[in-house]
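Enquirer: Submitted below is the structure of interest, expressed as structure tokens.
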Amino acid sequence: MTELKNDRYLRALLRQPVDVTPVWMMRQAGRYLPEYKATRAQAGDFMSLCKNAELACEVTLQPLRRYPLDAAILFSDILTIPDAMGLGLYFEAGEGPRFTAPVTCKADVEKLPIPDPEGELGYVMNAVRTIRRELKGEVPLIGFSGSPWTLATYMVEGGSSKAFTVIKKMMYADPQALHLLLDKLAKSVTLYLNAQIKAGAQSVMIFDTWGGVLTGRDYQQFSLYYMHKIVDGLLRENDGRCVPVTLFTKGGGQWLEAMAETGCDALGLDWTTDIADARRRVGHKVALQGNMDPSMLYAPPARIEDEVATILAGFGQGEGHVFNLGHGIHQDVPPEHAGAFVEAVHRLSAQYHN
């Protein structure tokens, strides 16, 4: 494989010295970029874009042509696994993702296959291989998956949800069925991420978007337990290099200590967590990624710079920080504001590394 020219993102995840704080943005390949909209129109629809390796590669690389980002992230969707299980994923205008055949009971769970990463999900691996080739070693490639709990919420609710009553009903009335589903998903995610690593992903991230809707006890049992199983089963070295793992539970700032016990290398923080407090609590054990409010990118560049300075000062001197937003970039953010953000992180962070 090509020698990596910029490895500061991987070094920061392993709490090794870097010259400046690395930065990337969740959803950095997305609708705020006019070139993304043009490529998506060419593909026809979102899943066609995901399933075409050349176009998925093109949109992955688009933000890197605009900004000096320190990592690329695979362009895909967290719902690829449930789609490959046969739930019939489709996208409703203004409604987000929906499934034609949601999971309603234990019998439904028992029928679900564990998808073959090089079979039904082979298009994802083709995209990973294509992106790695086209990156030419400029920056590392991040692979990812949704967490078992987060995938289960979509599968049981039949799509996006605000109250999560359907899956919580299953959790409290038929926990055995939910545990069976989560166990299948944990096995599927482990296979899926390991296949991404073998195909060329140099770091992986598990997105637990909806873990924060659970009580502390339920989070441990129904979300964290299964993420821990995945971390235990992941390839942690490939191509002679360590493959770092990041866990991100949105709304999970109160559980950082338990998350750090999983053996992951880094924790993603949303914008509601104080990064100085997070570093005091778990910085001796894991790197931290985050955590500017994505809405700050609507502000004038000078205000964005102030916020970057505040977060850098909050983390303080030394290693183990990857700068990011606290969640995905919004689709109507001016692209030049994202550029001001990336530039400010690199310029203002040098003083914290010596």
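Even glycines carry a Cβ here, placed using N, Cα and C.
Here the structure is a predicted model, which means the values were calculated and not measured.
As annotated by Swiss-Prot, substrate binding site applies to Arg27, Gln28, Ala29, Gly30, Arg31, Asp77, Tyr154, Thr209, His327. Residues or ranges marked as site 'Transition state stabilizer' by Swiss-Prot: Asp77.
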Enquirer: Given the binding-site residues Arg27, Arg31, His327, find the one whose Cα is closest in space to the Cα of Asp77 (site 'Transition state stabilizer').
Expert: Arg27
Enquirer: Considering all pairs of residues in Arg27, Gln28, Ala29, Gly30, Arg31, Asp77, Tyr154, Thr209, His327, annotated in the record as contacting substrate, what is the maximal C-alpha distance expressed in whole angstrom?
Expert: 23
Enquirer: Fewest other C-beta atoms within 10 angstroms of its own C-beta: which of the binding-site residues Arg27, Arg31, His327 fits that?
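Expert: Arg31, out of the binding-site residues Arg27, Arg31, His327, has the fewest neighbouring Cβ atoms within 10 Å.
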Enquirer: Could you say whether, by DSSP, Ala29 (substrate binding site) belongs to a helix, a strand or a coil region?
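Expert: It is coil.
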Enquirer: With Cβ-Cβ distance below 8 Å and at least 6 positions apart along the chain, what are the contacts of Tyr154 (substrate binding site)? List them in sequence order.
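Expert: Same-chain residues close to Tyr154 (substrate binding site) (Cβ under 8 Å, separated by 6 or more) are Leu79, Pro82, Pro97, Phe99, Ser160.
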Enquirer: Hey, which of the recorded positions Ala29, Asp77 is the loneliest by Cβ count within 10 Å?
Expert: Asp77
